Amino acid sequence: MVVSPREVATVSMMENGADERVCGGATFRVWCNILLHRGQKRGQTGPRQRKTEQMAAQVSPVKQGKTGVSRAARLSVAPMMDWTDRHCRYLHRLLSSRALLYTEMVTAPALVRGGATHLLSFNAEEHPVALQLGGSDPAELAEAARMGAAAGYDEINLNVGCPSDRVQSGTFGAVLMKDPGLVAECCAAMIEASPVEVTVKCRIGVDDQDPEVVLPEFIARVSAAGVQRFAIHARKAWLQGLSPKQNRDVPPLDYNLALRMKGLFPALHLSVNGGIGSLDEAEAFLEQGFDGVMIGRVAYHSPTEILAQADRRIFGTGEDSDPVQVALAMMPYAERHIASGGKLAQVTRHMLGLFTGRPGARNWRRVLSEQAHRPGAGPELIEEALSSILDAQAA
């Protein structure tokens, strides 16, 4: 009998105390088959073998229904703290009608115990949009997922990738890579509470863990709880010694390991994340076999380069967006935000990279950076800044 790496990972899980409720379905049946094979080689028959067969027949994996969000996840903009707020997402949606957008991470305690329901607000135009949650208490995450679904989000995502000290102290983020059983329990509770799909964003491992062992075990356990879609940041996270910024750059990328997970788990939807800097790279990853590509910082700093062509190149439909028209469309949005008590700079800070690499971009950034914070600044400032772009185009 040939045993695959996935089966080895499953056996390791089961022999270290995981039961059928955690490993579930096909993975658990693999374990049963291997035990049966071992028993046959050792001459083991009788009640124990029959009981194993019965257990394997009774266990089936939890399933979540597939949605259109999975199609949108062919290209997504990563959740980024202090960046992907609702104003940023509105801008990104004007650039691409198809890409999946994510909120900043919102902690479950803030929603459930802190009453911070304002963190759930978003614009209807943002769909498809996913809420990313941070937490480690199954009951609390379940309630937060229920709240997110009730607010209208298309997906609820659990953060198992953020390495910051603040997040670690709350047992959120990448530190949870050390406890896949708890992640599976959290996801199972969220799935039961939420009518919309629950997904996971993770790393390939943390600290001294061996990603070759840890990542397949993690995916096996969490997928058995019902999660069918993972975004894999193809780097380790170092919980001590590196800052969150360094953790985005210093640990080496291992795209090949992430891609091998698709071979081990062909039925799952796997997106790759980390260091992806262009649509050319995104297309190459999709051609290699990934189901989706998640892009972070480049999509924020150069949104036009990533999102304006995304509908046509990644989704095969629609026309490229014109950043000039997008800038003009942000004016009435900014006006509504100011009328509701907001400030222009809260909107325009996300627009600085709209014309990156194009004539007039420096003056565009200068006008918005220097003047949007001034008292009384209004949406007409966007038009003033845009004149430098139009003048450069006419020259």
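A Cβ is built for glycine as well, from the same backbone N, Cα and C atoms used for every other residue.
Just so you know, TrEMBL annotations never went through curation; they're auto-generated.
Taken from TrEMBL, the feature region 'Disordered' applies to 41-63. Annotation comment: TrEMBL describes 77-385 as domain 'DUS-like FMN-binding'. If you look up TrEMBL, you'll see PRO79, MET80, MET81, GLN132, LYS201, HIS233, ASN273, GLY274, GLY275, GLY296, ARG297 marked as FMN binding site. Annotation source TrEMBL lists site 'Interacts with tRNA' at ASN159, LYS245, ARG248, ARG362, ARG365. For CYS162, the entry in TrEMBL reads active site, proton donor.
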PRO79 (FMN binding site): secondary structure state under DSSP, collapsed to three categories: coil
Listed binding-site residues (PRO79, GLY275), ranked by Cβ neighbours within 10 Å, top entry: PRO79
Site extent for FMN (largest Cα pair distance over PRO79, MET80, MET81, GLN132, LYS201, HIS233, ASN273, GLY274, GLY275, GLY296, ARG297, Å): 20
Top Cα neighbour of ARG365 (site 'Interacts with tRNA') in the set of recorded positions MET81, CYS162, ASN273, GLY275: MET81
Length of the line joining the Cα atoms of ARG297 (FMN binding site) and CYS162 (active site, proton donor), in Å: 15
Top Cα neighbour of LYS201 (FMN binding site) in the set of recorded positions ASN159, CYS162, ARG362: ASN159
Neighbour tally for MET81 (FMN binding site), based on other Cβ positions within 10 Å of its Cβ: 16
